[in-house]
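Following: one structure in structure tokens, then a few remarks.
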Amino acid sequence: MDGIFSSTYSGRKFVLFFALLFALPASASDSGFTFVDFIFAFVLGISLPVVVFAVLIKPMFSVKLKYALLLSGSALAMLNALSQSSPYQQSLMLSCAAIFLLVVYMWPFNILNKKEGMVLNGLTYLTGFITGFYVFALWLFPDMSAGLTWIAFASVPLLLGAYRMISFSANSEHHFARYISQWAGALIFAVATYFYLTNAITDTALVVYTVTSYLVALVNGSWMMVLKLLTYVSEKAGRDEQDYESLFVYSHDPATNLPTEQHAVHKIESQLQKSPDNRFAVLVFKPVNFSQVNNILGHKNSDILLLQFAYRLQLALAEEESLLNFEGSASPVRVARAHGLQFIVALNLTSTNHPADIMIRDMAKKIAGAVPDAMSFKNFSLNFKLSFGSAIIGDFNTSPADAIAKAEDALRVAQQQEQLIHHYDAADAFYTDTQLAQMEQLQEDIAQDNLQWRVLPQVSLTEDTLCGFELKVQWVTNTGVVLPLNEFVKIAEHSGDVYAVTKLAITHAIALIKELNELNSHLPVAINLSSTDLLEADLIDFIEMQLALHDIPAERLKIELNEQVVIDACERSKFIVDQLKAIGVVISIDYFSGSYESLRYIRRTAVDEIKIDCGHLSEQDDNGADRAILLTFIQLAQSMNIPVIGINVDSQEVVRIFRGSGGNWTQGHAAQKPLEITEFTPWLSAYFERHPYALH
């Protein structure tokens, strides 16, 4: 069986491999190498790229590197064994052939079928055990019949391979052709080895059949690794695209597609971290006359016009290199969207020799000039008027977020004084250290929902019935002081948290309505909008979303608007009321005074209820002026079919005056003291037990 193999083979095969890689082409007849030398170098040469490829992709996903190594190693060892003349030559060759056949059997199935059934997994372990037993027998009983034992061994992985191939064909039809080719290659190799052992073919033919089977197995294994790599790349591209879309949605305003304030702060902080010497001024601005767009076009159409405004603005400022680019893309985005109608730009003052206030004012003029004279939408035209507030990052130890907040304070001053721009300075520090500490505490308490909520029942004076409840917030500071509601609202406005407080109130009101449902009561729950900052369409969207989410009829939620808020923002409040009425929410005017402005507003707006402050009423009123005014209010409301609720009815004296003026529904300590949230359900259950006819 030695044939064409020589004893000088082992030392020259590595030289041949590198010669094939780096030498110029030469004929085999001139090289002095035998046929097996070239076959060895060929196998080694094509196996190395496969192994390197498997090593490179292994960190990306699970790759069975051992199969590629075992396949190439067993083939090379078998070729080496064929070239040796020793008593152990046949045992070594057959051991390598057995391992080679095992790998050809296992590789494709273990790549494509990571999760197999218990039966198929058992077959894998059984085949490995049989192979080990066969190799052990080769060395323990070297004189046994090589041909018969080989056929007995080889039939096991071939038959099991056929069974596994048929099992997988139902789930992997597009790989079935490769299963067939690899199984056929294994069959050819097994038969050729048998014929070689019985001297029916030469060792040259065995080498050819071995290399053929090896190539089929290597190509299939490599192709399967490539398929896994392509799948991994495709899935990763999909994840990256999804991550980018998610990041874009999170970091960009949906109405204008501009970066959000948080994204802008992050970009500014990144620039400051790169170089502490970088110096920026933050300009916050808004179109101060945009509210009339909401009144005329409505929320949806006004968003379209706002998008047009943002697009024009971004387009005009794209080449303004003194403004920070908030995006990493090739197309610079130098404007970010803050809350409400406010926008942000960051002016780089690092390399300028001009005074900062001049640079800031010039930039404000450029931005104001970049806005078109008139923007139109559906035959509606508007000349945008901008106001600016500015603050320099680093002044007064301000961070980027603090600078934006100070610029917003300066913007409010600019609006009040009807200026183009106002720059923040020490004189604008409106708040004492105590107030600032209270704002910080309020933000923490809102985040942790540590506000106290109290329920005020609205009770009839003539019958023991209820017409609804009002949910009021109460805040206790760190010093244990219960802050009056008007001071609490101011702090929430100054800290920018009044919207967050109102969202909490809506959430708790919905929860209260659900508790009423469990008691088979359909009474409404009221919350108060006591700040003009809340008169935004976003709040309507939140209310509508919460009602739909919890399947609560809109008429179960009552929105109370303070009369002063209504008067201060008449057009805006009318728009909000119209939107709330459109979705079915009940509207109440709180602290109704009967002034000309409030009467005019009620005439123009479909108000469902008015609430009159009775806290100042007294039987000691000598001329009865307060009682006469109250009587007039109640009669006026009755003539307009508008229910009246007396609030702050805290004594029996006030109850008598209110009842004597024709009033019926009251809210105050005289009827029932405010209830803590935890007291509400037990109190109401007990009330309905005492007054079952009050249940409605």
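Glycine is no exception: its Cβ is also placed from the backbone N, Cα and C atoms.
Model confidence over the domain 'GGDEF' (278-426) stands at 82, taken as the mean pLDDT rounded to a whole number. Sequence annotations record features per position, and here TrEMBL assigns domain 'GGDEF' to 278-426.
Annotation source TrEMBL lists domain 'EAL' at 435-688.
What TrEMBL records for 1-28 is signal peptide.
According to TrEMBL, the transmembrane segment annotation covers 38-57 (among others).
Residues or ranges marked as transmembrane segment in TrEMBL: 88-107 (among others).
The transmembrane segment feature in TrEMBL is assigned to 119-141 (among others).
Non-local neighbours of the transmembrane segment (147-167) in the same chain are 94, 97-98, 101-102, 105, 109, 120, 123, 126-127, 130-131, 134, 137-138, 176, 179-180, 183, 186-187, 190, 193-194, 197-198; each lies 6+ residues outside the stretch with a CB under 8 Å from one of its CB atoms. Annotation source TrEMBL lists transmembrane segment at 147-167 (among others).
Sequence annotations record features per position, and here TrEMBL assigns transmembrane segment to 179-197 (among others).
Positions annotated as transmembrane segment by TrEMBL: 209-230 (among others).
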Residue distribution over DSSP helix, strand and coil in the domain 'GGDEF' (278-426): 62 helix, 33 strand, 54 coil
Maximum Cβ pairs under 8 Å to the transmembrane segment (119-141) - stretch from the list 88-107, 179-197, 209-230: 88-107
